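Undergrad: Take a look at this one; I'll ask things after.
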């Protein structure tokens, strides 16, 4: 079985495609001798980028780590195990279980069907309330790496602007020695050192900094400095060294009652929702697909996306930092539809997930907002304390970014909305509601915006909208599932968005960037077809409509003088 990849679509076995339970991976590797010979100077670490959903890891038969959650990395120090037998192969065993419960993120339930006149004895199915296929397996790379025994454990970076001075505040955590010194160099992309430091906690100042700007908002988007941290530590009688470099984007984020400001300038999200989803690999990391998607985003004129509905691979996030693609970083809080999903057990796990997500992505300039859930049953009374707690915990860990969750609840009964900084609303007028009636979209959408804003006086993002379109299916007049209907829905939404973005609407994210796989259902023909691209990344007519719109929006919002505008080429 290849890694990284979902196991579901690799074989011809339908039982494996829908398998629920434990699967086992095992591989033997030969580690470099110098990693194993100097046992008091080298720390050997096994890191798993992502395993969905619950994982237990053994090395040479010894359990080294367990992890719950399918979209974030985890690791274990395996030094003593592998250094005990330096001439032998290192056997790595990973057991992965994709069973979901009411207390996991995302949640699910196991249903036993006991009528033996219809089902075999012991027959069960896993039920979920989210609309994407629950791919499983080891989805991201598994690596073994080394550090010195005294090493840089963590670096936290935040940035600010004070006049023409860029301020980079940092905190370095060191493990393995209390006797150490640090040397910090902040370098421009071209290599020039612009600031230095020596303390574990401090700030660096840059005169006339090159700011990190979103794509299409500046002629040089995604500008990154590089903070190089060097550690010299005393361990017994030996001096050890460790070096780590963190990309740094100097930028600020601020939210008012009607605007989202990046570097003090109004930012309008014109982007997409995505999925990690592809033929054969499922949710497995696919560099070719990632490169294709970023080229399509740039072609489209999209400046942002939401990681619907779980954290994406670090490799994707790296490119967002580099290209200036703004990210709403969402945890796997999707499918939370039952009251059981809002109890103390779920809450405790949700807080841990947010801690893990923030630890991973806190230094990324592309991440401008955290999303703690998608379409939860926030009208249920327990949702009030639940989201108050999750959002407060998120802000306590990272006070530099706004926090939201994405709602499809009634504005007057949403118990979580009072605690968010930005209102994110999903709606599918003329699709799931008043199906086929394009003529009601503008009235209903306008009412939606006015109700939410009058109630909360917070900026609003239309975080999902769209319609299914089967590629190549045509109808005039437009009928549902035709490419023409998808285009018509978009144009009706855009008419209202063009009015409201002059007031308090700060963004629009199409659902979805590309078609994606779902569970089988009578409303799903080989998956969800709301993509403006097919699953194979071929454009539908809606992609050209959106491209024309996004480039026009980019020209309006660019910080460049009008003599240096972007054009839809």
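Backbone N, Cα and C atoms are what each Cβ position is placed from, and that goes for glycine too.
Feature annotation from TrEMBL assigns domain 'Glycosyl hydrolases family 2 sugar binding' to 12-148. The domain 'Glycoside hydrolase family 2 immunoglobulin-like beta-sandwich' feature in TrEMBL is assigned to 150-251. Among the features that TrEMBL reports, domain 'Glycoside hydrolase family 2 catalytic' is placed at 253-554.
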Undergrad: Tell me the residue counts in helix, strand and coil for the domain 'Glycosyl hydrolases family 2 sugar binding' (12-148), as DSSP assigns them.
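TA: When I sort the residues of the domain 'Glycosyl hydrolases family 2 sugar binding' (12-148) into the three classes, I find 14 helix, 59 strand, 64 coil.
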Undergrad: Limited to the domain 'Glycoside hydrolase family 2 catalytic' (253-554), I'd like the whole-number average of pLDDT.
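TA: The answer is 97, the mean pLDDT of the model over that range.
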Undergrad: For a three-state summary based on DSSP, what are the helix, strand and coil counts in the domain 'Glycoside hydrolase family 2 immunoglobulin-like beta-sandwich' (150-251)?
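TA: Split by secondary structure, the domain 'Glycoside hydrolase family 2 immunoglobulin-like beta-sandwich' (150-251) comes out as 0 helix, 65 strand, 37 coil.
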